Amino acid sequence: MGSAEYQPLLLGLDSHSRIPDLSSVVIEEFLEHRPVAVRWWPRLVGWESRLLWLLSGSSIIVSIFNYMLSFVTLMFTGHLGALELAGASIASVGIQGLAYGIMLGMASAVQTVCGQAYGAKKLAAMGIICQRAIILHLGAAVILTFLYWFSGPILVAIGQSASIAEQGQIFARGLIPQIYAFAISCPMQRFLQAQNIVNPLAYMSVGVFLLHTLLTWLVVYVLDYGLLGAALTLSFSWWILVVVNALYILLSPSCKETWTGFSMKAFKGIWPYFKLTVASAVMLCLEIWYNQGLVLISGLLPNPTISLDSISICMNYLNWDMQFMLGLSAAASVRVSNELGAGHPRVAKFSVVVVNATSILISIVFSAIVLIFQVGLSKLFTSDTEVIEAVSSLTPLLAVSVFLNGIQPILSGVAIGSGWQGVVAYVNLATYYVIGLPIGCVLGFKTSLGVAGIWWGMIIGVLLQTVTLIILTVRTNWDAEVVRAAERLKKSADEENLDLVVDI
């Protein structure tokens, strides 16, 4: 495009003008012409930041409060006793964490395809894609049910003590209804987020969380139903979330173009979509299971109850931070997938830069909070002096992990929005399991570091993964990604032929 064609845009954007909201077409044209004057960068960053926070603000609330359902449950069970907390923690990590990783990973395929479909204005296909995802998720839930039911022997087989495994099985069996709630809720939430419908999701999540807190207090403290009662209450709360999400999709005018009713077309072309789903699940599962696996391994250290309690408490705070960053990650995924689907590679790239800079600044603040309030954070979970001291000794490492969380999840969100799940799965496998995990085991079991050594292995693995993702992102040809997004949508957006074409 020559300078003569670009002149009207330059005249329209004088030094006192404001770049129009949601004007990706204008921004794409503006960024295409180099160099961009320095005076425009604050306005460009402000425009992208506004879009980012419109999406991520509510996405963060959804992510945090969905996670807080389990967080609050563990806080209540922690006051039942150290053994109950250890059992609930090991079940949450080794069993529930496994299912959550699979469901969340599979749902990221919905983010990729629905996000790009929305950007390309191929709205009719989005509801079919969501239905396909729910079908596959329910199939996975049936298989996972056996894992929950036989969780006791499984926990013993991987080295947990009989008493901890017994409590873990009680808790896990109470979470069986939750698996099926996961299977429906995860795709529905990604379906809504891909359309930039995030505020209603936030209201629902906060409302369900408040109700869940009240119900858990009633069941555990007033009715004294113990560990099983706490688990069943968590399952019930997730089903409430499913119902309100479904009612919004079915009744809201916002979804009338993207949800046109249940259709048998969801069963057509399910195999190609399944391949993208598997790649998505493997990518996130390798990441989520790594953290969960560290908790399981800590149960093999001397004094397993203290080791489990201390690393579980720290991991819960790390997961809390992760939920915040996953909200930003979801926003990054939506922004990138929408812009690639719309054919705006430069806006997609610019969005990546802004969201990463934002998340790094936030992570610095969070790391400082962890260091300042290290004793108080442990007392929220337990009154055991030995556990409090163990948690306090781990908080400097927790602060380092919180900082790395300011980069790594965001880059993973970019990968999801771009459809790179298969590549990132290999990166996660190498950095976490080939490098980080062995180093952590050596430091944890062969030195005096113990739990801290296991955590150091995690830091090394995450650092290597982050560096690799940075290199991958910097070297990306965004124009080529636009072409790939168009190819991926070519058939998925066709109501008569909904086969999903993917290049994994």
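Each Cβ is built from the backbone N, Cα and C atoms, and glycine gets one as well.
Caution: TrEMBL annotation is automatic and unverified by curators.
Worth saying up front: this structure is predicted, and the values here are computed from it rather than measured.
Per TrEMBL, the feature transmembrane segment maps to 51-76, 88-111, 123-150, 201-223, 229-251, 272-290, 353-377, 397-416, 423-445, 451-474.
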Task: Recorded stretch, among 88-111, 123-150, 201-223, 397-416, maximising Cβ pairs under 8 Å relative to the transmembrane segment (229-251) - done: 201-223
Task: Cβ-Cβ under 8 Å with the transmembrane segment (353-377): same-chain residues at least 6 beyond its ends - done: 45, 48-49, 52, 56, 313, 317, 321, 324-325, 328, 331-332, 335, 388, 391-392, 395-396, 398-400, 402-407, 409-411, 413
Open item on the list: I'm a bit unsure how to read this: which one of 201-223, 272-290, 451-474 has the highest number of Cβ pairs shorter than 8 Å with the transmembrane segment (123-150)?
Closed with: 272-290
- [ ] Please indicate, using numbers and ranges, the residues of the same chain that are 6 or more beyond the transmembrane segment (397-416) and have a C-beta under 8 Å from a C-beta there.
- [x] 108, 111-112, 280, 283-284, 287, 314, 317-318, 321-322, 325-326, 328-333, 336-337, 352, 355-356, 359-364, 366-368, 370-371, 423-424, 452, 455-456, 458-459, 462-463, 465-466, 469-470, 472-473
Task: Maximum Cβ pairs under 8 Å to the transmembrane segment (88-111) - stretch from the list 201-223, 272-290, 451-474 - done: 272-290
